[in-house]
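Below: one structure, written as structure tokens.
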């Protein structure tokens, strides 16, 4: 029986996606508020830097693990302000999270040029060579088979298409590392209990972050999936990193 990690627990590979779905379904309505509280607002700055990696908004963009739509809606607003002809597809395996994204898109009057697709990052329902950009923010670590998801990203991107991933990473500096670990394992689950009523969901969150490969390990995984010009940029001392690569 193939096993994988669900946080620090070992589970059957076939069960992980359902467990992850339950986590996000249970916190969907508090997801954005929790992001602000957990990161002390820093996630907004990280995401702003992330979308700067997309210079050409006259593009077909696939946002995978789109969640509540933060990345896609930032791009849609930026494109609208610049009168760009953007095409954005928001994909997530969790329908409850996509419902949150749709609500936000309607509230912000950004529904035009957006498509919503319930799909797994491991099996995307799109033809080869479909998109100019593939974005995924804080989602790849939740995928049961990360290598398979990376190969799918490579498949759906056009030649010279750009893969961009924002993910929690490994802090280098000792004093930041110690504080970050204490904050992650002791404070974040407590905030999750107080605000979302779900301590276990946020225990999974910090455990999944702790187990995610280092910047250099993930860079190798991206390269092995078929990408070229693979690199990364650390933000906030390595709390998160932006990974980027191109198809051939």
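Every residue, even glycine, has its Cβ placed from backbone N, Cα and C.
According to Swiss-Prot, the features are:
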| type | residues | note |
| --- | --- | --- |
| BINDING | 68, 92 | S-adenosyl-L-methionine binding site |
*Same-chain residues six or more away whose CB lies under 8 A from the CB of residue 92 (S-adenosyl-L-methionine binding site)?*
64, 65, 66, 67, 98, 101, 118, 119, 139
_Assigned element (helix, strand, coil) containing residue 68 (S-adenosyl-L-methionine binding site), judged by DSSP_ = coil
*residue 68 (S-adenosyl-L-methionine binding site) has how many other Cβ neighbours within 10 Å of its own Cβ?*
24
